[in-house]
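J.: Feature list, courtesy of TrEMBL:
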- 66-75: compositional bias 'Low complexity' (COMPBIAS)
- 76-97: compositional bias 'Basic residues' (COMPBIAS)
- 101-110: compositional bias 'Basic and acidic residues' (COMPBIAS)
- 4-62: domain 'Tudor' (DOMAIN)
- 53-110: region 'Disordered' (REGION)
- 221-239: transmembrane segment (TRANSMEM)
- 259-282: transmembrane segment (TRANSMEM)
- 303-322: transmembrane segment (TRANSMEM)
- 334-353: transmembrane segment (TRANSMEM)
- 464-484: transmembrane segment (TRANSMEM)
- 490-509: transmembrane segment (TRANSMEM)
- 530-551: transmembrane segment (TRANSMEM)
- 571-590: transmembrane segment (TRANSMEM)
Amino acid sequence: MPSRKFADGEVVMGRWPGSVLYYEVQVTSYNDVAHLYTVKYKDGTELALKESDIRSQSSFKHRKSQSSSSSPSRRSSSRSRSRSRSPGRPARGRRRSASQSREHKDDKKKTIQETSLALLVLVLFDDCVSSFNQKPNENNTKRYNGEPESTEKNDTSCIILEQKLKPELEIKRVLEQYSLRSRKDDKKKEEIYSEKKTFVAVKPIEKVPTKTKELEFGGRIGTFMLIFLLPATVFYLLLMCKQDDPSLLNFPPLPELESLWEGRVFGVFLLWFFLQAVFYLLPIGKVVEGLPLSNGRKLQYRINGFYAFILTAAAIGVLLYFQFELHYLYDHFIQFAVSAAAFSLALSIYLYIRSLKAPEEELAPGGNSGYFIYDFFTGHELNPRIGNFDLKYFCELRPGLIGWVVINLAMLLAEMKIHNLSVPSLSMILVNSFQLLYVVDALWNEEAILTTMDITHDGFGFMLAFGDLVWVPFVYSLQAFYLVGHPTTITWPVAATITVLNCIGYYIFRSANSQKNNFRRNPADPKLANLKFIPTATGKGLLVTGWWGFVRHPNYLGDIIMALAWSLPCGFNHILPYFYVIYFICLLVHREARDEHQCKQKYGLAWERYCQRVPYRIFPYIY
C-alpha cells in the first residue's frame, strides 16, 4: 500500500479539476482507502484530489527562479571576463571585444524579454480562453445570505490586458519580420523558449480508470442473493393475487413448471419488445444531448417516447376494433412474467459479455469492481449501444412503462368480463387513471430522465434489465391485478378524497422536478430569479428555496404520496395491494442514501452547508 506524500496542513499546489492550472491549496486530510487528498483553496472551496494532481511549491518556485537567474549570472561572468583581458592587446581588439560583449549581452537581454513576453501572453491567453469557455450557469453565482461569491470572474480583464499588450506584440512582430540575426541564433532562441515553456505549461494529466471500491446492495453476497430474490418476489406476489385469500400466512401452492412456460406467450412478448424498438427508431421527435461522459463526449438521444405511446394506443385500438381479446394478458399473466424474466436474463448475459470488450472510459462508475457477480448485477457498461440504438435508454421507458398501461387496461377488461359488468368498478377506474397520468407524465417529460442516476451513474445489467422489463410492468400493476380477483367497492366521497390525495402528490412531484430541470437548463432564467442557491466548486448550484428548500428530495415525497393513493382504492382487507407503497418507500430511502453519498463527495463543503440549511431528507419534521 503506497505511503502518502503530503502531510496534513502542508501548503502545496493543487490542479483545478478540468484544467491545467495549479493553485495554492492546503492539505486538510487524506483518505487511505480511496488514496485521495482533501485540500482547501484560498476561497474556502474543498475538493478531493489525487496525488498526481498535487505538486510541491518548491518545484514551481525552483523552476521559476532557475529561469530568471540564469541571465544575470551569465552577464556578470561576461563582464568579469571583459575586464580581465590582457592589457598587451591592441586597443582595437579591446574595442571589438567590448562591442562583442555588449552585443552578446543585448542579444541575451532581448531573448529573455521576448521569452518573458511570450510566456505572459501564453498565460493570459489560457486564462481568457478558460473564462470564455465556462458555461453561463458556472458564473451565475448570485448572493447567498448576502455574501458575494468569490468564484465570479470578470472577463473585461482579458480585454484590458490585450490592449496593453497590443503595442508590444506589434513591435515583436516587426522585429521578427526584419530580424538580422542568423538562423542559428533563432534556433537557439526557440530552444530557450521551449525549455521555459515546459516549466509553465503543465502536461494534461490522463485519467486513470478507477475500480469501484465501495460496493452497494450488500456487495458480492447481496447481489448474488438479489438475482434470485427479485424473480421469486415477483412470482410470489402474482401467485398470492390469484388466491381467494391473499393473506401473508396463506402461502400459495407452487404451480407445475410446465404451466409456467408457453411458446406463444414468449412470442407475443418478443413481438411487443421489437414493436417498441421500431417506434424508438422512427425519425420523429427532437434529438438532444445527454450529460458529458468521463471523456467529455456527449451522447445523443431521440426524444419520441410520447409518440411511441400514441402509436401504441392506436395499435391497441385497432386490435380492440377487430375484437381481439385483450384479457388474454390476464389469463396468461404469470406466463408473461416468466417470459419477460427469461428475456431479461438473456439480455443481461449479452450485456455483460459485450462489456468485457468495452473501453475503460465507457464503463459504469458503480459497476467496475472486478467481481463478476457484482458487475453482472449492477451493470458493467454505462451506455451500451448497437449503433445509435441505446439499449438502456430504450428499456428505461418504452417496453416496461408503456406495457404497464397496457396491462392495466387488460385487467380492466378482464374485470368487466369476469364479473359481468357493463362499466368498470370505481376502484379500477381510479387505479387506471392515476397510473395512466403517471406514465404519460414520464413520457411527456422524457428528456428529464437523462439527468437521473439510472442514466448517469448506473450501468445496464441485471438490476435495470429485470427492473425495467419485469418489475415495473408486473409489480406496479399489482393493484389492478388484485382488483380483478378481489373487487372492492368504494363510495364517491372516498373516491374524491383519494383523488385529491393523488393530485397533491402529483403536484409536488411535477413542480419539484420542473423546478430542478429548469434551473439545470438555464439558471439565469428571469422566471427563476426568486430562487436562492448555494454555489459549488463544480459550477452548479444547490437550490435552497422552493420545494428544494422544504426537503432535500421533494420529488420522492410526491412519489410516495401518489403510491399511497394508488393502493387506497383496494381497501384494507389485505396488505398485499400496499406492497407497492411499502417497497417504494424502501427504494426511495435507499436511493436517497446513495444520492447523499455521491453529492457529499461531489460538492464537498457546499453540500454540508446545504444539509444545514435543509435538514430533512424526504419527510418534513420526520426524516
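Residue 1 is the first one shown; counting continues down the chain.
Heads up, the Cβ atoms here are built off N, Cα and C, so glycines get one too.
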J.: Taking residues 6+ outside the transmembrane segment (259-282), which of them lie with a CB under 8 Å of any CB in it?
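T.: For the transmembrane segment (259-282), the far contacts come to 302, 304, 307-308, 311-312, 315, 332, 334-336, 338-340, 342-343, 389, 394, 398-399, 402-403, 469.
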J.: Out of 221-239, 303-322, 334-353, 490-509, 530-551, which stretch has the largest tally of CB pairs under 8 angstroms to the transmembrane segment (464-484)?
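T.: Looking at each of 221-239, 303-322, 334-353, 490-509, 530-551 in turn, the most contacts to the transmembrane segment (464-484) are made by 334-353.
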J.: Over the span of the domain 'Tudor' (4-62), how high is the average pLDDT in this prediction?
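T.: Taking every residue of the domain 'Tudor' (4-62) together, the mean pLDDT is 81.
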J.: Look over the recorded stretches 221-239, 303-322, 490-509, 530-551 and say which has the most C-beta pairs under 8 A to the transmembrane segment (334-353).
T.: 221-239
J.: When DSSP states are grouped into helix, strand and coil, how many residues of the domain 'Tudor' (4-62) land in each?
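T.: Split by secondary structure, the domain 'Tudor' (4-62) comes out as 9 helix, 28 strand, 22 coil.
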